[in-house]
Amino acid sequence: MKVGIIGGTGVYDSSWLTAAEELRLQTPYGSVTMMRGRVGENGDDVYFVNRHGPGHHVPPHLVNYRANIWSLHQVGVERIVATAAVGSLSATLFPGMVVLCDQFLDFTKSRSGTFFEGGQHGVVHTDMTDPYCPHLRSILFQHAGASGLSVANGGCYVTTEGPRFETPAEIRAFRILGGDVVGMTSVPEVVLARELGLCYSTVALVTNYAAGISSHYLTHQEVLDLMDQYKTSLNQLIRGSLPLIQQHRDCHCFTHQDGLTK
Ligand code: HPA
């Protein structure tokens, strides 16, 4: 089975893919450049997309989420593992820890968050009971030990519009609402994947305590530094999980809408 990896902040390296080549795809939403390669000698193709584009030049509120997800669908990917840098809303989720998200809260404002815009596709309301694939999450959790990372199996990802960080008042509100971590990219990515019947999992690395919990003002540099420190372990976690991820889908993700032609 073909698997897609969406590399978020600090995760840009696809040199571990063998027989890798760059592809440039045209989608109805714009063009996407991605790497295609394999893991080891055998196995199906793995596709790697940099969420923020080459050189991390696209801020979270301007990422072309629809083109990214559509392009992976177009090449036949059925499962996506995405990485994300997040701030923690709780003392128990510390910097350097991985959260395998199982729920989200959506506080985005200006993004194109659906493939279903009426017209020929009609009105479609996609189920979000399990926005993140439980089967993918359980595979990733099984491999957590080998990567040496501390991993929380589940957590609610609050997606903010960005690109600014949050106020402490917002963070307090998000905690009351049930958020565990905060970041700027999971929505609409997870929603778009679900609309196409793809499995999607977010491997979120806690890079900092959120505003008002952290003892200092936040900077993008501290996020990058933490990602840099843990990117090898994160990579091990995802690579180690790939053989099982590629095997079969033991979930209901694919029963969702897939009425759109590629
Ligand atoms: N807030 C929003 N996005 C983030 C954070 C944060 O604290 N850390 C990393 N990405």
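Including glycine, each Cβ sits where the backbone N, Cα and C put it.
TrEMBL lists Thr9, Arg51, His52, Thr185 with the feature phosphate binding site. A simple way to gauge crowding: the CB of Arg51 (phosphate binding site) has 22 other CB atoms within 10 angstroms, across all the protein chains here.
Every protein chain shown contributes to the tally, and the Cβ of Ala210 (substrate binding site) ends up with 27 other Cβ atoms within 10 Å. Per TrEMBL, substrate binding site is recorded for Met184, Asn208, Tyr209, Ala210.
Taken from TrEMBL, the feature domain 'Nucleoside phosphorylase' applies to 2-240. Here the domain 'Nucleoside phosphorylase' (2-240) has a mean pLDDT of 94 out of 100.
Annotated site 'Important for substrate specificity' per TrEMBL: Glu166 (among others), in sequence order. In the shown protein chains, 22 other C-beta atoms lie within 10 A of the C-beta of Glu166 (site 'Important for substrate specificity').
According to DSSP, His220 (site 'Important for substrate specificity') sits within a helical segment. In the structure as shown, the Cβ atom of His220 (site 'Important for substrate specificity') sits within 10 Å of 13 other Cβ atoms. Summarising the annotation, TrEMBL assigns site 'Important for substrate specificity' to His220 (among others).
In this structure, the C-alpha atom of Arg51 (phosphate binding site) lies 12 angstrom from that of Met184 (substrate binding site).
Put simply, Thr9 (phosphate binding site) is 10 Å from His220 (site 'Important for substrate specificity') when counted between their Cα atoms. Comparing the Cα of Ala210 (substrate binding site) with the Cα of every entry in Thr9, His52, Glu166, Thr185, these being the recorded positions, the smallest distance points to Glu166. Counting only same-chain residues six or more apart in sequence, the Cβ atoms lying under 8 angstroms from the Cβ of His52 (phosphate binding site) belong to Gly8, Thr9, Val58, Pro59, Pro60, Val63. Cβ crowding, taken as the number of other Cβ atoms within 10 Å, peaks at Thr185 among the binding-site residues Thr9, Thr185, Asn208. Listed in sequence order, Gly87, Ser88, Ala91, Pro95, Ser215 are the same-chain residues at least 6 apart in sequence whose CB falls under 8 Å from the CB of Tyr209 (substrate binding site).
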